[in-house]
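Novice: Take this structure, written in structure tokens, and hold onto it; I'll ask about it next.
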């Protein structure tokens, strides 16, 4: 269905420079550090201060910015902000914007300036989402096909590391350094990627002659290509079982008598570490097996992760059983996430990689968030066991979709981009 080749066998490619790997890993980590602080740690801080649930709900709404990022992704593909690199210009602007916003936040008071803090939280969400559009576009262009699996493993593990740092580590030190100190730490971590970007020379890509309207139209013409319906089904349903099962984790831990602090450690720290390791291993997994076989195996492994959530529901479950279950869930889910992200990258066109990747990822994220909400709502009528059975059935459906998946043939008009280094880049 793509205008770019999606081959069955992965051709060897020259290894990407180490500094580019470090840059991609850094960008995928720092894009979410501040946002995860506000979505996780800030909520805990407000709850501790006795904030009304209306304020808590407002914070959670900030997370809806990311699934909407596809709406402005064509602008990132269409316009180049700097002569020193198409995506580099966007990345520098967004990264610098996040650092400056965090420094402004450091001057505010949580209790007195909530409205201003909330507005700046929304700004952080928009900046980080736009940064993600740009880094995805850059990754789609600089990563050779053979190394995309490793790149997407880095993408997923970077997001988990950002969650660990923002929602976990900074919350731990918050009691010692306070609000201003925490904002300073977040700004310092985010600035690491900014310094790397200033030293990076992005290749110069062929300039597309398409109009702005054509880039915007790509949001729906992408899904009108041959094979789009089958691919859409995979994008929506491949990881939906894990989203449904995720809704069970916090209620499961609460039922076992875990405190909110313990749940934070188990999910945000332990789960992120295990998931990050699994994501990095998945890149090698894809390289060794190839796309389609990795897709099938990851779907089957995902079934095991769903089954692991059942462990605490069994009689005579020990205190450590929920921790083991959460670890297995994160370990078994992330290979599926990495494989799907790699295939999304394979399906982008050379002219609009950021738009094509964003429109796929956003639909997947919308559906995932919807299923998490559905899982929570279904707990009352179906109970833990009923929701788990439904998740298991959806996981088996994902296996079936993976088995029936066929890689599209190469589009005869497709040609790989041949970049040259941008002149005058820093």
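Every residue gets a Cβ built from N, Cα and C, even glycine.
According to TrEMBL, the protein carries these features:
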- 20-46: transmembrane segment (TRANSMEM)
- 58-77: transmembrane segment (TRANSMEM)
- 89-111: transmembrane segment (TRANSMEM)
- 117-135: transmembrane segment (TRANSMEM)
- 156-174: transmembrane segment (TRANSMEM)
- 180-200: transmembrane segment (TRANSMEM)
- 231-253: transmembrane segment (TRANSMEM)
- 265-287: transmembrane segment (TRANSMEM)
- 294-317: transmembrane segment (TRANSMEM)
- 323-345: transmembrane segment (TRANSMEM)
- 357-379: transmembrane segment (TRANSMEM)
- 385-405: transmembrane segment (TRANSMEM)
Novice: Is it the case that the transmembrane segment (156-174) and the transmembrane segment (180-200) have 3 or more CB pairs under 8 Å, with pairs at least 6 apart in sequence?
Specialist: yes
Novice: Among 58-77, 117-135, 294-317, 357-379, which stretch has the most Cβ pairs under 8 Å to the transmembrane segment (20-46)?
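Specialist: Looking only at 58-77, 117-135, 294-317, 357-379, the most contacts with the transmembrane segment (20-46) come from 117-135.
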Novice: Report, as numbers and ranges, every residue of the chain located at least six residues beyond the transmembrane segment (265-287) whose Cβ falls under 8 Å of a Cβ in that stretch; write 'none' if there are none.
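Specialist: Sequence-remote neighbours of the transmembrane segment (265-287) are 10, 40, 146-154, 156-157, 160-161, 163-164, 167-168, 249-250, 253, 258, 294, 297-298, 322-323, 326-327, 329-335, 337-339, 342.
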Novice: Count the Cβ pairs between the transmembrane segment (323-345) and the transmembrane segment (231-253) that lie under 8 angstroms and are 6 or more residues apart in sequence, then report whether there are at least 3.
Specialist: yes
Novice: Taking the transmembrane segment (294-317) as the reference, which of 58-77, 117-135, 231-253, 357-379 gives the largest number of Cβ pairs under 8 angstroms?
Specialist: 231-253
Novice: Within the same chain, where does the transmembrane segment (180-200) have neighbours whose Cβ lies under 8 angstroms from its own Cβ atoms, ignoring anything closer than 6 residues to its ends? I mean 6 or more beyond.
Specialist: 19-20, 22-23, 26-27, 29-30, 33-34, 37, 41, 85, 88, 91-92, 95-96, 98-99, 102-103, 105-107, 165-166, 170, 173-174, 425-426
Novice: Are there residues at least 6 beyond the ends of the transmembrane segment (385-405) whose Cβ is under 8 Å from a Cβ of it, and what are they?
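Specialist: Sequence-remote neighbours of the transmembrane segment (385-405) are 230, 233-234, 237-242, 244-245, 247-248, 292, 295-296, 298-300, 302-303, 306-307, 309-310, 313, 336, 375, 378-379.
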Novice: Per the definition of 3+ C-beta pairs under 8 A with sequence separation of 6 or more, do the transmembrane segment (231-253) and the transmembrane segment (357-379) touch?
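Specialist: Stretch pair touches.
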